[in-house]
Amino acid sequence: MNGFTPDEMSRGGDAAAAVAAVVAAAAAAASAGNGTGAGTGAEVPGAGAVSAAGPPGAAGPGPGQLCCLREDGERCGRAAGNASFSKRIQKSISQKKVKIELDKSARHLYICDYHKNLIQSVRNRRKRKGSDDDGGDSPVQDIDTPEVDLYQLQVNTLRRYKRHFKLPTRPGLNKAQLVEIVGCHFRSIPVNEKDTLTYFIYSVKNDKNKSDLKVDSGVH
């Protein structure tokens with residue numbers, strides 16, 4: 001349920017199918033991990049357990065993982081939750097006096113509930129300020145679009161996405177680097193929202209991802 005084939009993305013339009021397939025796979029990975037601490041992504045509340053880093057390929061914070069952020073130069077000691085950090089979030093708060101950044105030694109991208117709430121409040125203040133400045137309508141760039149947590153996907157799924165779209169990368173990338181590259185491309189795909197939603201609903205109703213995965217696993 002965490003994979004998709006190039007054929008799947010070509011039916012109903014490459015872009016719409018690709019977006020629908022990635023969203024479906026990320027949602028499925030999150031649902032499958034509900035009993036073990038996996039979550040749905042950047043803006044979803046959740047709770048994790050306490051302490052250091054786990055394997056970079058884990059879907060959701062592992063037992064004993066700490067928040068991946070540094071604040072004022074010090075690594076956060078709070079338990080990692082289900083929300084994840086990204087360069088997009090870093091950019092959205094870079095204009096504020098919030099001295100938080102990703103700890104380069106962290107082997108995951110999950111953050112604690114404290115920092116998740118802090119980031120949300122900073123972004124909300126930014127949106128309100130934009131609304132006040134222009135008389136009620138926030139600038140387009142300040143609209144907080146839903147975030148798909150690509151870190152929930154398996155490494156093989158990310159590699160298949162990279163191969164399908166022929167994304168230029170160097171060999172030996174780890175999961176965090178793949179997520180960043182795939183995420184930048186994924187957010188840049190122009191799609192028709194109606195087509196994407198229609199394809200997504202169709203895939204879910206027909207359990208399409210699961211059947212495609214069985215066929216694809218037989219090929220590989």
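Note that Cβ sites are derived from N, Cα and C of the backbone, with glycine treated the same way.
The Cβ of Lys87 (SUMO2 cross-link) has 12 other Cβ atoms within 10 Å, all protein chains considered. DSSP assigns Lys87 (SUMO2 cross-link) to a helical segment in the three-state reduction. The SUMO2 cross-link annotation in Swiss-Prot covers Lys87 (among others).
According to DSSP, Lys194 (SUMO2 cross-link) is assigned to a helical segment. Marked as SUMO2 cross-link by Swiss-Prot on the basis of a large-scale study or a structure entry: Lys194 (among others).
Annotation comment: Swiss-Prot describes Lys205 (among others) as SUMO2 cross-link. Non-local neighbourhood of Lys205 (SUMO2 cross-link): empty, since no residue in the same chain at least six residues away has a C-beta under 8 Å from its C-beta.
If you look up Swiss-Prot, you'll see Lys214 (among others) marked as SUMO2 cross-link, on the strength of a large-scale study or a structure entry.
Residues annotated as phosphothreonine in Swiss-Prot, with a large-scale study or a structure entry given as evidence: Thr5 (among others).
The feature phosphoserine is assigned by Swiss-Prot to Ser131 (among others), with a large-scale study or a structure entry given as support.
What Swiss-Prot records for Ser138 (among others) is phosphoserine.
Taken from Swiss-Prot, the feature phosphothreonine covers Thr145 (among others).
Looking only at the region 'Interaction with SIN3A' (130-220), the predicted model's pLDDT averages out at 73. What Swiss-Prot records for 130-220 is region 'Interaction with SIN3A', and it gives similarity to another entry as the kind of evidence.
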Protein Cβ atoms within 10 Å of Lys194 (SUMO2 cross-link), excluding its own: 9
